[in-house]
Each structure stands twice: as C-alpha cells, then as structure tokens.
Amino acid sequence: MNSMAVFRLIFLVVFLGWLVVWIMLPTKLYKNTWTPKLNSKLNSTYFSGQGTNLLLLSFPMMFIAALGCIYLHAKKQQRSSYSKSVVTSNRLSFLRRPALVMAPLGTVTAMELAFVAMFIALLIWSLGNYVYVSFGHLHIHKQGEKVWQTKFRTVSLRLGYVGNICWAFLFFPVTRGSSILPLVGLTSESSIKYHIWLGHLSMILFAAHTVGFVIYWAVTHQMAQMLEWSRTWVSNVAGEIAAVLALAMWVTSSYRIRRKMFEVFFYTHQLYILYIVFYVLHVGAAYFCMILPGIFLFVIDRYMRFLQSQRRARLDSARLLPCGSVELTFSKSPGLYYNPTSILFLNVPSISKLQWHPFTITSSCKMDQDKLSVAVKRLGNWSQKLCQEISSSVDRLEVSVEGPYGPNSSHFLRHEQLVLVSGGSGIAPFISIIREIMFESTKPNYQVPRVLLVCAFKNSADLAMLDLLLPINDTPANISQLQLQIEAYITREEEQPIADNQKLLQTIWFKPNQLDSPICGGLGQNNWLWLGAIIASSFIMFLLILGIVTRYYIYPIDHNTEEIYHFSYFVLWDMFLLCACIFLASSAVFLFRKKENATEGKQIQNLEVPTPTPSPASWFRNADRELESLPHRSLVQATKVHFFARPDLKRILFDCKASDVGVLACGPRKMRHEVAKICSSGIADNLHFESIGFNW
C-alpha cells in the first residue's frame, strides 16, 4: 500500500467516524449512556459544555481539511504526466452517468442520487429519534399546558435540530479554496448546486421550526416569548432576526431573480454575515461547535480571497470581437498553475466596488506561461458597462481578481475522443480545453484525444468567438496537428451576410502602471502546504485561546460568584476568537509569501498597438482568399458552418464510434439537459457525460 492509499484510508476512517457520531447523536443510547460519560471527560473547565462537540464534531473535519492539503500537495507533485490508465469509464462509469435530468435539480448522477438518498435518510432518522426520545420524557413548560401542545412544541424544536445538520454541510460547497472539495473530485462551481439544495432544505426545516413555535406560543398565550432574549438559554429574538434574514436571501436566490436581477440576488445574499451571527446567537456555543468546521473553513477562504483582491491585477490588453464579446488578457506569475475550465472572479471598482463576477479562463496555463485570459460576454448590466468602458479608449482599467478556481486535474485528456457541445457563450471553457490539447499535441509520442466541437450561435457575428482558439501573443499554436473538427450552427440567419459589413477584430493595449501586479496565487506555488499550515495553526490557536478565556475568565464568574455568565456571550467569544485567530494566521502567512510572489512578477514592456485584423466570421465567407497565418488557415479548414439550422445532437453523439468518448456540455440549461438525456439513454455505452454549468 503506497502513501497516497494510506492518506485515502485515513480520510475514509475519520469521515465515517464523523458520520457515525451524527447518526448516533439523536439516539437514546447517545443521550442516556454516551453523553454523561463524554461530558464528564471532555466538558472540562477549559471548554465548559463545548468539549464534547469540539472533539467529536469539529476536530474530525478540521483534521481532514489540514491533512488533505498535504495529500493534495503530494498529488500535485506526482502529476508530472497523464496516463491513459487513469480512465475510470470501465467499472464504475454507471455511477457517473446522469440518473435524473430535470429542472430545478438539473443533471444528477447515480452517485449523487445515492448520496442524496442517504442524506435524506439521515435527516428522517434524526428527526424520528429526536421525537421518540423527547416523547419519552415530555417537559410541561407552562401550567395547564396540554399534552398535544407539548408534543407540538417538541416536534417544532427537533425540526430546528435537523436543520442544524444541513448547516453542518452548507458552507463546504461554497468554500472555493478549500481542500475538502478536491478530495472528493469536486470544484466550487460544480458543487454550487449542493449549496442550493442544502439551502432550500434547511430553509424549509427552519421555516417549519419558526412557524411551529409561533403557533405554539399563540395557542398557549405566550406571545411575549417572541421578544425574549434569555440570559441563561437561547435567544428567541436572535432566532427571529435570523429567520427574517434567511427569508430575504431565500426569496431573492430563486433562479429567475438570479438570472434577471443578479444585483438584487448578490446584494441581498451579503446578509449571510448577519444571518450567521444571529443564527449562532440563537443556537448557542455547544451547537455552534457542531457546525464549526464548515464556517471555519469558509472564513479562512473568504479572508484569503479578500487579501488577494487588495492587489490590482495587471491588465495588458483586450480583444474586442464583432459579436460584442471581449477577451481580457492579464499578466500572471509563471508559477501560477491552473487547469482548463477554471474560472476567475473579476471586480472593476469604476463599475461597482462590491460586485464580483465569475468568468471562464480561455488561456492555457502551459501554453501561455505569463498570460491569463478570460472571455466576457455582453449579457447583463455589469458586463455591458465593462465593454463600454473598454471601448471608450481608456488608457488603464483597474481590475481586482480572485482565483483562479477550477478542477484539480485535466481529466478530459484521458478520453479517446472529446465531443464539446456549446451554446452561445458556453464555448468559453472549451477554448481553454482546446488550447491545452493544442499544447499537449506538440509533445513527442503523446496521443491527444480527437476533438469534435459542436457550437450553436444566434448570429454569424458570434463566429468571432472561434478566434479565441488562437492565443493573442506570439505563442506557437500549431492547430494543424490536432484532429479537430468544428461544426458551427447559426440558428437565426438563413444565409451568409454581406462580407462588406464585416467588422474588424480590434485589440486594445493598456498602458502599464507600477501599482499593478501580475496575477498570482495568494500563497504561491506550494499553496496547499501553506493553506494546511493556516488551517492547522488557526484552529489550534483558537482552541488554546478559547480554553484560556473559558478557564480564567468565564469559569471564575460562573463558579465563584452568584452571577451566571450570559448565554449569548459564550457565542460572541467563540465568533470573535474564531475570526481573530484566522486573521492572525492568514495574514502572517500571506505577508510572508507576498515577498516571494513579488519577485516572480516580470517587468511590463511597452507594446505597440497592432493593426486591426479581420474576424473569423469573414474567413468563412472568403475561404478562397489567401490567408497569411497557418493557424488561421487550419482553423478555417477544420470549421463547417451551417446556417439556419440546429445541431442534431442525437445523431452527432451516436455517430461517435470511439470506445471512450467524453461528452462535455456548456450553455443553456435546456441544451445541457438534452445532451445528458442522450448520454444516459443506455443506447451508447461509450458516451461519458459531464456538464459544465455556471448558473450562479
């Protein structure tokens, strides 16, 4: 057994042990037998009533997160070449096939469906056991209270307990730089749907919990309880404030509002900070420790993103395409590594100081070692303002970035053939894939997959997006060595437009500024090791300081005086120490690494503005003219344009006869669902589907 297998075994054992604790938590055995023994040994004067939950529910996931960073670093060091033996489509491919394709769930694989079923079973198991144990010893809270009223209150309370289980998992999918997601082969953009599912589920449970208590107070004539902020127990007011904040975020996070009014969704969702504070004030310190790992790792990630975004990125140029899209090219540190289909978050203070938007990286990290490019489609208000500002002949544009974030490996290279199906701006992630394959094809004796790109556009001007397949700089791009076939479909034009109306592709070069710096990872090349150091040191520091504060400040008040320490103050100490320890550890590592990152930046060179060149849309209407560029000529020869037509996806996919065909789809949800249904039909076993969706 090699070292990597030992790591995986440790992760599995610790994670299963953590799940066992959650399974046993609501049972009578845990409450009556385990709890007294655990509390007597773990709830010391250093941690008060938090000791048990810190050890059993917080420590395992923090241990996995810290050790996982070491594992990912070692795995990154070993990944010097790709091997065809990595293909996983032989034995367990059925688990990765779409098992359910429907809105609003999207594309759900068999493996995801199995985990969802197990999670729902855990919630049902927990609720059933909580209610069963509680009904065994009902506590009448008010004289004259009826049994059914007590049971109703008990069920409402336990619904909140079950919702707390959802919170234990809620923040893992949105922690972009965490080691948890890569350990299970996920990325933040691919797992965002899990955050959405958990958010809906927790809101349903918490809404039932809140409404249940309001009804209980009403029927027992205790409405004054709604205004209670107890000194010795949970705060009802804090819970009600959290419920109102959660409702606002829930309503504005619907699909229609996110797509049509992104700003409303974005700004309302920033209420999550207040939501967390009041939610934790409501549940108390002991229950906060149950959901601590997800929040702890999220705060680390959020603060590291904040530190990275304080530096202005060096924007070198912008390519304005006739279709209205623009490709932004930044300088980057040669040590910054990312994989195709990665995304970069952009902030332009002149447009909005608060809004951050994700865009697909179109460049290849291997082909463009000191450049990084992203494609921006003019869709919403923010992107329209960005394109207008770039077109207004500005000399310099201030841009801050977060990322890049993406998959941990270039897994698509393992297939024999790739079929890339895109609609509109969905072609952007496939540009980075083709550029990566273009680079790998230059290696001697290295076999790259054949590529079939099926792209659908509304107008012929959108064909200019294909020009992004060729890098902007002088990097060699021998596309002629690829087995590349492009089938482009124009859905709203019946014939070729007049060539004289064709706009020119324009490249704008920005003046250099010494205040700008190349894009680099906040923690440098050994980012996983440094992230592991931050996680471990900040958590250990948190435990040490929490123990000191509890033992030498809180404990004397509780035991040496008649005064009882305020219930909510425990939580305030926890949240304050958590943030303080994270800020100290992260800032120290970031500042230490900042000097090394600065030395990797290259001096800016003055560049002359080149002459505008025709866009690819004109190539296909003048294919008989002599083209000076070999890559351009190869691209034209590989492309076939179909006017006023839509791709017959079923025919295209079933005509692929390779033994291992990777099918990637990106674009409108309806199109992705259609491709998923074809691949999951079972007619062709050689099709292996993967959806690339960025529906934020």
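A Cβ is built for glycine as well, from the same backbone N, Cα and C atoms used for every other residue.
What TrEMBL records for 7-25 (among others) is transmembrane segment. Note on the transmembrane segment (7-25): residues 1, 34, 56-57, 60-61, 63-64, 67-68, 70-71, 74, 122, 125-126, 165, 168, 183 of its chain, located 6 or more positions outside it, place their CB under 8 angstroms from a CB of the stretch.
Tertiary neighbourhood of the transmembrane segment (54-74): same-chain residues 3-4, 7-8, 10-11, 14-15, 17-18, 21-22, 38, 42, 47, 168, 178-180, 182-183, 289-290, 292-294, 296-297, 408, 526, 528-529, 531-532, 535-536, 539, 543, selected by CB-CB distance under 8 Å and a gap of 6+ residues from either end. Per TrEMBL, the feature transmembrane segment maps to 54-74 (among others).
Summarising the annotation, TrEMBL assigns transmembrane segment to 117-135 (among others).
Sequence annotations record features per position, and here TrEMBL assigns transmembrane segment to 155-174 (among others).
Sequence-distant contacts of the transmembrane segment (194-219), counting only residues of its own chain at least 6 positions beyond either end whose CB sits under 8 Å from a CB of the stretch, comprise 105, 116, 123, 149, 152-153, 155-157, 159-160, 162-163, 166-167, 169-174, 225-226, 236, 239-240, 243, 246-247, 250, 253. If you look up TrEMBL, you'll see 194-219 (among others) marked as transmembrane segment.
If you look up TrEMBL, you'll see 231-252 (among others) marked as transmembrane segment.
Annotation comment: TrEMBL describes 272-300 (among others) as transmembrane segment.
What TrEMBL lists as domain 'FAD-binding FR-type' is 308-411.
TrEMBL lists 528-555 (among others) with the feature transmembrane segment.
The transmembrane segment annotation in TrEMBL covers 567-592 (among others). Long-range neighbours of the transmembrane segment (567-592) within the same chain, counting only residues 6 or more positions beyond its ends whose Cβ lies under 8 Å from a Cβ of the stretch, are 48, 50, 229-235, 238, 277, 280-281, 284-285, 288-289, 292, 295-296, 299-300, 303-304, 307, 522-523, 530, 533-534, 537-539, 541-542, 545-546, 549-550, 554.
Counting Cβ pairs under 8 Å that are 6 or more residues apart, the transmembrane segment (155-174) and the transmembrane segment (528-555) reach fewer than 3 and are not in contact. Beyond the ends of the transmembrane segment (528-555), by six or more residues, the same chain brings 45-48, 50, 54, 62, 65-70, 72-73, 76, 177, 179, 296-297, 300, 304, 565, 569-570, 573-574, 577-578, 580-582, 584-586, 589, 593 to within a C-beta distance below 8 angstroms of the stretch.
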